[in-house]
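Colleague: Take a look at the following structure, please.
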Amino acid sequence: MNASAAALNESQVVAVAAEGAAAAATAAGAPDTGEWGPPAASAALGGGGGPNGSLELSSQLPAGPSGLLLSAVNPWDVLLCVSGTVIAGENALVVALIASTPALRTPMFVLVGSLATADLLAGCGLILHFVFQYVVPSETVSLLMVGFLVASFAASVSSLLAITVDRYLSLYNALTYYSRRTLLGVHLLLAATWTVSLGLGLLPVLGWNCLADRTSCSVVRPLTRSHVALLSTSFFVVFGIMLHLYVRICQVVWRHAHQIALQQHCLAPPHLAATRKGVGTLAVVLGTFGASWLPFAIYCVVGSQEDPAIYTYATLLPATYNSMINPIIYAFRNQEIQRALWLLFCGCFQSKVPFRSRSPSEV
């Protein structure tokens with residue numbers, strides 16, 4: 001009995017000594033896995049490689065004997081995946097409605113369909129990135145995914161700009177715009193938009209990345225600082241153009257309201273309320289776009305790869321919300337989209353509102 005007790009005490013002493021040696025080794029400089037990503041792994045748009053450092057697409061996740069990943073899932077990655085799922089579901093519905101309803105194939109709804117398609121691809125990209133990051137970690141797949149996401153979000157922002165231009169022209173040249181605008185012209189505009197977006201997405205895949213030179217990495221790996229600066233500058237230009245056009249739209253709306261007031265010798269309350277509502281809607285549209293993307297675009301310029309990864313997550317996640325809100329602003333508020341929804345979910349519904357092509361300012 002005494003011998004077994006002594007052996008037990010001796011084993012406990014050895015265990016304590018081993019734990020002390022491990023703690024000393026850690027204090028002396030053993031690598032730390034960090035709290036914002038899986039052990040020995042970091043992923044762009046996914047778990048950062050520690051509390052400090054940019055998000056990285058390359059992931060080397062530890063696997064167990066059976067090949068299953070044993071690393072903990074980053075909660076930020078889960079939020080991005082959930083956001084992508086909601087985005088994909090909403091925009092898939094919009095794309096299906098426009099594609100299946102002949103009355104919604106006008107130039108205006110083609111622009112809305114382009115926006116919904118871009119956001120749908122962005123949502124699918126967020127989901128696939130989560131899957132590949134934790135199931136099939138690979139630098140090649142990571143480059144493809146970041147290129148896919150860059151192209152999708154670039155197409156989304158470009159489609160928003162195209163819709164803004166369409167709104168402005170429809171109000172500024174109201175008498176001649178609809179007779180000149182054709183589906184072919186809209187398709188050519190969107191073809192140019194998607195070509196530029198695809199080109200931006202292909203740049204990392206074609207070699208403009210920081211996999212070979214980690215010192216050139218931005219806050220989102222494997223994108224280089226120069227590439228991120230180009231994307232941010234492009235966004236600022238697009239945002240500036242949209243801001244200018246929306247200010248001009250407000251001026252046109254108020255001028256029309258003033259002309260009505262002169263004709264009627266007073267501004268009738270219904271016209272005043274409609275004008276204020278229209279201006280308020282434009283403010284919400286532009287404010288939502290700016291609040292979603294500006295923080296991430298600014299941080300991409302001023303941030304560095306040594307900054308905590310949580311900063312990138314905290315600015316990137318709201319940017320994805322813009323693709324979640326776009327269907328509500330540009331599609332589900334439209335009466336024809338609402339009627340198509342009723343017909344989809346309740347075929348017996350008979351709406352008294354006839355199909356007609358609403359002006360882009362009403363979308």
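Glycine residues also receive a Cβ, built from the backbone N, Cα and C atoms like all the rest.
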Colleague: Pick from 29-48, 49-68: which stretch is listed in Swiss-Prot under region 'Disordered'?
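Modeller: Checking Swiss-Prot against the ranges 29-48, 49-68, the region 'Disordered' one is 29-48.
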Colleague: When the topology given in Swiss-Prot is taken at face value, are PRO107 and GLU306 found on one and the same side of the membrane?
Modeller: no
Colleague: So which of 144-165, 187-206, 232-250, 311-332 is most in touch with the transmembrane segment (76-95), counting Cβ pairs under 8 Å?
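Modeller: Comparing 144-165, 187-206, 232-250, 311-332 against the transmembrane segment (76-95), the winner is 311-332.
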Colleague: Of the listed stretches (108-131, 187-206, 232-250), which one yields the highest count of Cβ-Cβ distances below 8 Å with the transmembrane segment (311-332)?
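Modeller: Stretch with maximum Cβ contacts: 108-131.
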Colleague: Over the span of the topological domain 'Extracellular' (132-143), count residues by DSSP class, listing helix, strand and coil in order.
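Modeller: Computed counts for the topological domain 'Extracellular' (132-143) are 9 helix, 0 strand, 3 coil.
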